[in-house]
Amino acid sequence: MAFSLSQRVVETMPSGTWNDFTDLPAEFISQFGSSSEAMQYSCYYSDSFIRFATAMDDVLIGACLISTVINFIVIACSAKLYKKKGDTLHLFILNMTIGDTILTLFCHPYELVTRRYSGAHVHFITVFLNFANWVGLAVSGLSLTLLNIDKLIFFCWPFKYDIWMSYFRAKLFCYLSWIISIGFATYYWMYSYMYFVNATVDIQQQFEIQFVFLTGLMNSGQFSPVNKIFYEVFTVVFCVIPIVSSLLVSCYLYDLTKRKRKTVIKTSSASKIENKATSFAFIFATTLWTSCSLLPYRIANLARIHIIAWPNLDCESRQNLSWLTWSMLYLLILNPIINPLITAFAYAPYRQMIYSRVRKSSRKNYQDQNSYETNKSNITSTNSVSSKVFYVDLTMAKQNHTKTLRKAPLAKFPSICSCGSFVTNENLQCTRF
C-alpha cells in the first residue's frame, strides 16, 4: 500500500481533534477541485514536511508497540504492589496506565497506519477507536488528577489521610473516572448521530458524519455547532483543567516537600513521609511531562477554533503552522508512550520490582542451564562406564593365590583325645586346636 497524502489531509485523527489542527477541512478541500488540489496541498505540506511526517509515523508505530509491552509490565507491578502494600497510589497508577494502554495498543497505531497507508482505513474501526481514544484520554487525565489529590491530602492533612483516601473511596474514584469518561463519549456519539440524522444534508455526507466520529463539518470549513460544543467541552473538562490543576498542585507540593524534608523530626513516621516524598518526585515528573506534551496542542486547537481563520492565511504561514502544529501533535502522541517509561524507571518500587524479576529470571535460566549441563555430563560418564567390558583371567588364580591347608590326620586313638583336638604322629599326644 502506498503512502496517501490525501488520507493525511482529509482523514479524521483519533487524537480527539477535528481533522487535525493543521488540516484543511474535508468539505472545504472538496470545493477546490482536482485542478487546484495539488496547489492547496503544497501550501500545507512541503516535500521536506512529507518526509518528516512519514519518518515520524514509522518511528511512532514501533514506539507504540514497545510502549504497550512496558504498559503491561507496569500494570502487573502496580497490581502486585497494591495487594502487597495497600497504597492507593498504586491503584491510581494502575488506572492511568490502563488508559494509556488503550491509546498505545489500539488508537495511536491505527491512526498512524491509516495516515501512512490509504488502504488500511475502515469506517467502523475508526468509529470504535475514536470512541476509545476519548475514553483513554479522559481516564488518563482524571487519574493524573487523582494522583496529585492523593499527595495533596497526605502532605496537607496527614491525620485525615486514611479517612479521606480510604481503599473503598480510592476504588470508587477509579470506577467513577471510567463511568464519567464512557458516559460522556457515549452521550456525544448518540447526540451527534441523532443530530445529523435529522439534519438536511445529502446521503453521502450523512453517512460520513454518522460513521466517522468527529467529522461533522460545515461547508465553511469549521466545526458544526454540535461538534464544536462537545469538542470544546471535552478539551477543557478532560484535558486542560485536569492537567493545569495537576501542574499547579504538583508545583505547590514540590515546594512543600522541600521544606518538610528540612524540618521533619526523625521519628517513626519520618520514614513514611520520606517514602511519600520519593513517590511524589515520580508524580511531579509525570505531571510535568504530561503538561509539556498535551497542553500545547490542546490550547492550539482552541485557538484555531476561536482565533485563527485558516482560509485567510497566506501559503507560507500555512506551511509554518503545519510544521509547528504537527510537531505538537507528535508530542501529544508521545505522551502515553513515555508515561510507562517514567513509571518503570523513575519510580523506585517499580524499578526494583522489574530488576528483581529480571534478575530472578536470568538466575533461574542460569541454574537450569547448569543443571542441564551437569545432567548431560553425568549421563555421558555413565554411558561411557557402562560401555566398558572387563575381562578377568581366572586360569592362574588358583595356582598363584590359593594355598593348600594342612589337613589334620584322623585320630588313631579317639578315646584318648576329646573333641576339638587331634593326635600328632610323633608322640601320639592330644593337641588342642
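Our numbering is plain: 1 for the first residue shown, then up by one each step along the chain.
Just so it is clear, glycine is given a Cβ too, placed from its N, Cα and C backbone atoms.
Automatic, uncurated: that is what TrEMBL annotation is.
Features reported for this protein in TrEMBL:
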TRANSMEM  59-79  transmembrane segment
DOMAIN    67-343  domain 'G-protein coupled receptors family 1 profile'
TRANSMEM  91-111  transmembrane segment
TRANSMEM  131-149  transmembrane segment
TRANSMEM  170-190  transmembrane segment
TRANSMEM  229-256  transmembrane segment
TRANSMEM  277-297  transmembrane segment
TRANSMEM  328-350  transmembrane segment
Legend entry - Considering the transmembrane segment (91-111), which listed stretch of 59-79, 131-149, 229-256, 277-297, 328-350 counts the most C-beta pairs under 8 Å: 131-149
Inset, instruction - State the mean pLDDT for the domain 'G-protein coupled receptors family 1 profile' (67-343). - result: 81
Inset, instruction - Sort out for me which stretch, of 59-79, 229-256, 277-297, has the most Cβ pairs below 8 angstroms to the transmembrane segment (131-149). - result: 229-256
Inset, instruction - Using Cβ atoms only, state whether the transmembrane segment (328-350) and the transmembrane segment (59-79) have three or more pairs under 8 Å that are 6 or more apart in sequence. - result: yes
Legend entry - Intrachain neighbours beyond the transmembrane segment (277-297), with Cβ under 8 angstroms and 6 or more residues off its ends: 15, 17, 21, 89, 144, 147-148, 151, 155, 239-240, 243-244, 246-247, 250, 253-254, 257, 260-261, 325, 328-329, 331-332, 334-335, 338-339, 342-343, 346-348
Inset, instruction - Using a Cβ-Cβ cut-off of under 8 Å, list the residues of the same chain that are 6+ residues beyond the ends of the transmembrane segment (229-256) and lie near it. - result: 16-18, 134, 137-138, 141-142, 144-145, 147-149, 151-152, 155-156, 181, 184, 188, 191-192, 214, 223, 280, 283-284, 287-288, 290-291, 294-295, 298-299, 301-302, 305
